[in-house]
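For B:12-134, the entry in TrEMBL reads domain 'Response regulatory'. Residues annotated as domain 'HTH luxR-type' in TrEMBL: B:160-225. Taken from TrEMBL, the feature 4-aspartylphosphate applies to B:D65.
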Amino acid sequence: MPVVPASSSPHVPDTEEQPQRRLYRSADGRMLGGVARGLAGHLGLPVVWVRLAFLGMFMFGEGLGVLLYAAFWVFVPLGVGGKPTGRSLFETLPDGRRRLRTPDKGQIVALAVLAVGVVLFITKVQVGGESGRYLWPTLLVGAGVVLVWRQADNARRAHWTAAAGRNARLLQAGRALAGVALVGVGLTVFIVVRGSAAQLGNLLTATLAVLVGIALLAGPWLIRMTQDLSEERLMRIRAQERAEVAAHVHDSVLHTLTLIQRNAEDAGEVRRLARAQERELRNWLYKPEGTGKDEAEEPDTLAEAVKKTAAEVEDHHGVPIEVVVVGDCPLDDRLGAQLQAAREAMVNAAKYGGEGGPVQVYAEVEGRTVFVSVRDRGPGFDIDAVPGDRMGVRESIIGRMQRNGGTARLRSAAGGGTEVELEMERAASAQ
Amino acid sequence: MTEENDRSRHVRVVLVDDHRMFRTGVQAEIGETERTGVEVVGEAADVDQAVTVITATRPEVVLLDVHLPGGGGVEVLRRCAPLMAAAENPVRFLALSVSDAAEDVIGVIRGGARGYVTKTITGADLVDSVFRVQEGDAVFSPRLAGFVLDAFASTDAPPVDEDMDRLTQREREVLRLIARGYAYKEIAKQLFISVKTVESHVSAVLRKLQLSNRHELTRWATARRLV
């Protein structure tokens, strides 16, 4: 027999490609545990031969075949190896369902031999006789054990294929439960057949006591193991997240830091880079997923549009702009005009009032009214003192608002900064 | 009150932040007791340390970072709840964070912090905020005021018996001006009220935010997938 690599990892699925093949139980096209198929793949024999050999040992070797098979099942890890002859009892349809494959010759032969073997076995132990009384419970227990063990395999397999829906999970639980029930019934029948029915109560109590004892002994260990497992999984998830953060930081932040070092003499450029990076990182860290990911996309709500406009002005002029938005609504033509006016106000604030600290932008949607205020803490100015040919404020801000049915107010005080208030009714059609 | 901005008094402050550089920076910025009136009596870098230091030194104000190893600022607030509720010399918390994400802000305010300022704040403003918090008033950053307005805006369909939860017109106005970047003094000038009145409006907002509007806030936060 080949040495069984019990500790080897099952995560090397493709045994065919590797020069040194390892023994795996086959997860594909297996009838019970995939032992025969795996072994056949390993030895390079047809599966039917191996199966027949097991069957022979089962019938004439006083159960040696069963023992051997069970040993293989326990110790050989499950893999997607074996011999891909495609002789599965089932075939998987493209949509994931499985259906019974039309049997080919070898399979029919194998099934026939299996049937003969079972008949032989049953006649050998004489169903009606003394030993026959133990046969049915044994079969029951056997069937239950097989069911549960296959279940465990399936669970492990689902772990790699990650294709376990809710229904599948329910089915799994059902199967496991059925297996346990079968084993339980088998054991009970065993006991009842063996002792007289009168002793059943005593026996049950004793069994219960033993079970409780086992639970007490093994329980803590089991719990600790599951805890360790979930902890390990948590660590893995954390590590993944950390890797993602590291990748992002590496891509954008380190890049920006390099640029800053290179532009160290140019204070404005450094500030601009730092602000842009800060905003991007902030977006990435604090925004709920799904927003702020696609910068290129044109925003279609007011809040996004205000933030984007502010970001653009900030980038362009290197003056920090703090944005507070309360409420939100879809953009329409009037709000578009208001936004243009707001941008103009932000540019002015950044150009002339940026020395006094960050420019503050506040936008609020209240009912049908949208209010935007842009405020700086610069030196302030007197609109009446501005020469008539300077059209920036009059046309781009006040005029634009009025043409679209809104109002603009300018408040400015020497030393107190300038504030532009823009108010606009939303278009009637926009709901 | 004449105590306002009275720098002859000392405020004892504990700094809680897991970045040593930042603690050093704040210490240098505000910790010159002669000039600013703020005395840094302790520092801590994580939740356990913070609780120990705060319990031992009983400062008047704790500058609390929101993101801390060991459960974050919210955990510190939870474990210091008895100190905050103490009848005499209650410990007051001012959240000081680089994050101005809604979940962080609302989290610590509901945890009992008396104010929230971001780390971009200037040293003078920070000192001012510390004094304000020490006197029992609330300090809101413009961003925070925006969040609060947003939260209460959804209550416009009036729940009849929850009148307590709703902001008065005046409180709304005050918050709006804070959100627009006005300082308390400027708000007072604009609304023709005293600074003290502004502060009491803000404190009222804070109280409503903490105590009464759980239901709405939860709904609001859930809608934004914050909780």
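In case you wondered, yes, glycine gets a Cβ from its N, Cα and C as well.
Listed in sequence order, B:V16, B:D17, B:D18, B:H19, B:F22, B:G73, B:A95, B:L96, B:S97 are the same-chain residues at least 6 apart in sequence whose CB falls under 8 Å from the CB of the residue listed as '4-aspartylphosphate'. For the domain 'Response regulatory' (B:12-134), the DSSP counts in helix, strand and coil order read 61 helix, 26 strand, 36 coil. For the domain 'Response regulatory' (B:12-134), the predicted model reports an average pLDDT of 85.
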